[in-house]
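Inspection log for the structure reproduced underneath, given as structure tokens.
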Amino acid sequence: MNVVLIGFMGTGKSTIGRGLAKRLALTHVDLDELIVQQSGCSIPEIFARSGELGFRQRETACLKAAMARSGVLSTGGGTAVQAANRAVLMAAKTPVVWLTATPETVLKRIGDDPNRPLGRPDQLATLLAERTQAYQAVADLIIHTDDETPVTLIDQIAFWLTAQQQTQA
Ligand SMILES: Nc1ncnc2c1ncn2[C@@H]1O[C@H](COP(=O)(O)OP(=O)(O)OP(=O)(O)O)[C@@H](O)[C@H]1O
Ligand SMILES: O=C(O)C1=C[C@@H](O)[C@@H](O)[C@H](O)C1
Ligand SMILES: [Mg+2]
């Protein structure tokens, strides 16, 4: 992968990843979509049939497959929380961008979405606080999304990636 987006549910990883890939003329891979494709069933169905553990096993397998490809990878909200997945990300030496948002923003954006089994409104703030350190541990760039439009966020990340490439050239 050329760049990986991590962060909590509703921070915009899928939205920004899709737009960033278009901007950079790269392929976009959405890890949640890849898991659904490979499993042949929806995320809530995977959680119902195989539990969170079953979902996490599929997520790690798909992450490894995705990291072997080029493009922009939008991870799921829990991907970087798993130590095994953080090891995969660090080994790849791909730039990792952490998208952040407050629990209030997340709630406004995702509401009570049945497609996010861990996105219960009354649990969002606690879950976000528990996960923050894990995201931070692998982040090369932190982008606060609360008051920015997707287009502005794509501009910021594209600018940073170009500067990174120039430093390395
Ligand atoms: N910067 C933004 N400003 C306003 N709305 C946004 C912004 N980014 C994303 N959204 C909206 O928030 C919702 C969730 O975005 P998205 O699905 O991209 O989040 P995500 O990080 O991929 O979540 P998940 O971890 O559950 O996959 C969408 O309706 C999207 O249009
Ligand atoms: O935050 C999480 O743990 C999740 C977020 C979604 O992207 C999906 O990966 C799934 O619903 C789990
Ligand atoms: Mg997403």
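Every residue, even glycine, has its Cβ placed from backbone N, Cα and C.
Note: TrEMBL annotation is automatic and uncurated.
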Of GLY77, GLY111, the one that TrEMBL places in the same substrate site as ASP32, ARG56, ARG131 is GLY77
Among ARG116, ARG120, the candidate listed by TrEMBL alongside GLY10, THR11, GLY12, LYS13, SER14, THR15 for ATP is ARG116
Of GLY12, THR15, ARG56, ARG131, the binding-site residues with C-beta less than 6 Å from an atom of ligand 1, in sequence order, are GLY12, THR15
Those binding-site residues from GLY10, THR11, LYS13, THR15 that fall inside 10 A of GLY77 (substrate binding site) by CA distance are GLY10, THR11, LYS13
CB < 6 Å to ligand 3, subset of binding-site residues GLY10, LYS13, SER14, GLY77, ARG131, seq order -> LYS13, SER14
Integer Å value for the Cα distance linking ASP32 (substrate binding site) with LYS13 (ATP binding site) is 11
